[in-house]
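**Student:** Below you'll find the structure I mean.
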Amino acid sequence: MGKGVTDMRKPALQQPEWDDPSQVRRIREVLAARPPLVKAEDVRVLRTLLAQVARGEALVVQAGDCAENPDECDAEYVSRKSAVLDLLAATLKMTTHKPVVRVGRIAGQFAKPRSRPLERIGDLELPVYRGHMVNGPERDPESRRHDPLRLLTSYMTASDVMEHLGWRGRAVGHQPLIEPRMWTSHEALVLDYEVPLIRELGDGRRWLGSTHWPWIGERTRQPDGAHLDLLAGIVNPVAVKVGPTTTVEEITVLCERLDPLREPGRLTLIARIGAERVTDRLPALVEAVRVAGHPVIWLSDPMHGNTVVGPDGHKTRLLETMAREVRGFLRAVTGVGGTAGGLHLETTPDDVLECAADLSVYEGKAVRRTSLCDPRLNPEQAVSLVSAWSDADVRTAAPGDGSRVVQEAQAIPGSRSLPSAPDYQEFETRNHSALRINQT
């Protein structure tokens, strides 16, 4: 499976430099013979849910690690990640009164594009860490070697996470950790992993079996590239990140390639513009897509365009800057008739201080950081940022309400999170039923 879907002769940026091509070929064959991690029926259900988001009837919260750590993929840790997503979805629902589709950056977010191939550590110049699918974060030559065996360990770890989430391998009577389910997503970056996991439907169409909802990033969305080719050839809902340098011409071509039939729920555009430029750059892109007739979902990624370096030399992101991008995003998208569908965030269940209210918290202080790559929001910060969306959208949630909502959630006896919204369960069940009717 997977042959003929993506032309590997096309330019493919940000790929590992494996030192044993024959080993890579064998591993690709092994992956092609393994079961897909997601089912085609579930992919179709997610497209149905996202079609309702595209029509303005629901919202999306997509959140999770910048780069997943395999050591944090056991059942207990996955449950904690799920609880954060529950909390964010419940916060958004309470203020917008819309059902919220929960999507994790999970079960495959093991690869990262990087701005440079090498970094200097003391006297050593080493390959940069590219995620556990490629190499390790430890600062030594052997760990930083691009090891194709990591493709297999990534698949096995993702399979375990899918089981913890309740998507596969459930025993009778075992309840999934998320109800409604947490849908999975990751950046479809390493093609030696993604392409072998493409599977065929009975009608000749294909779906990507590595995740429910793949996206490609700002660095790999070239119109003549292999990554865009990958997304164009599958029936999964797909997403693309767009940044401040994206032109109207580029986004029009991108939409035509990925959404030629103009189907609600097919294509999502994730705006990572930056707080200072979002109201200037984004409206023209939204308008061009709308005029071209593509019913896309627009998500706000308020994190990647607002990274700064703190006084301690570490990357960070400031909460008010991110909140300004969220508010500017909503004005930019809705002001020209686009669909503002939700948020795309990097989060952790841990009590870390990788993002901050201001840079002074890092002056002369040691703070906890556990991210393998970029700074993430802790649960309280994430709720505060979701509240910024709600405040700008419906004027009912005050900025800074994050602490109160977290405390209320933790006060529920025996609960790991706020309870799921009943109307969302009806929303998801209704779409499952509709799908079954349409298939008969």
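Cβ from N, Cα, C; glycine included.
Just so you know, TrEMBL annotations never went through curation; they're auto-generated.
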**Student:** Of the candidates ARG130, ARG139, ARG266, ARG272, which one does TrEMBL list alongside ARG105, GLU218, ARG219, LYS241 as binding phosphoenolpyruvate?
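**Tutor:** So the phosphoenolpyruvate site in TrEMBL includes ARG105, GLU218, ARG219, LYS241 plus, from the candidates ARG130, ARG139, ARG266, ARG272, ARG272.
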**Student:** Looking at TrEMBL, which one out of ASP42, ASP280, ASP374 binds Mn(2+) in the same site as CYS66, HIS304, GLU346?
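**Tutor:** According to TrEMBL, the candidate sharing the Mn(2+) site with CYS66, HIS304, GLU346 is ASP374.
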**Student:** Let me know the most crowded of the binding-site residues, choosing from ARG105, ARG219, LYS241, ARG272, HIS304 and counting other Cβ atoms within 10 Å.
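**Tutor:** When each Cβ's neighbours within 10 Å are tallied, ARG105 leads.
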**Student:** State the three-class DSSP label for ARG272 (phosphoenolpyruvate binding site), counting H, G and I as helix, E and B as strand, and everything else as coil.
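**Tutor:** Going by the DSSP assignment, ARG272 (phosphoenolpyruvate binding site) belongs to neither helix nor strand, so it counts as coil.
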**Student:** These are the binding-site residues: GLU218, GLU346, ASP374. Which one scores highest on other Cβ atoms within 10 Å?
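**Tutor:** Going through GLU218, GLU346, ASP374 one by one, the largest Cβ count within 10 Å is at GLU346.
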**Student:** Starting from the Cβ centroid of CYS66, HIS304, GLU346, ASP374, the recorded Mn(2+) site, name every other residue in that chain with its Cβ within 8 Å, sequence order please.
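**Tutor:** Result: MET303, THR307, SER371, CYS373, PRO375, ARG376.
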**Student:** Roughly how wide, in whole Å, is the group ARG105, GLU218, ARG219, LYS241, ARG272 that binds phosphoenolpyruvate, by largest Cα to Cα distance?
**Tutor:** 18
**Student:** I need the CA-to-CA distance for ARG272 (phosphoenolpyruvate binding site) versus HIS304 (Mn(2+) binding site), whole Å please.
**Tutor:** 6
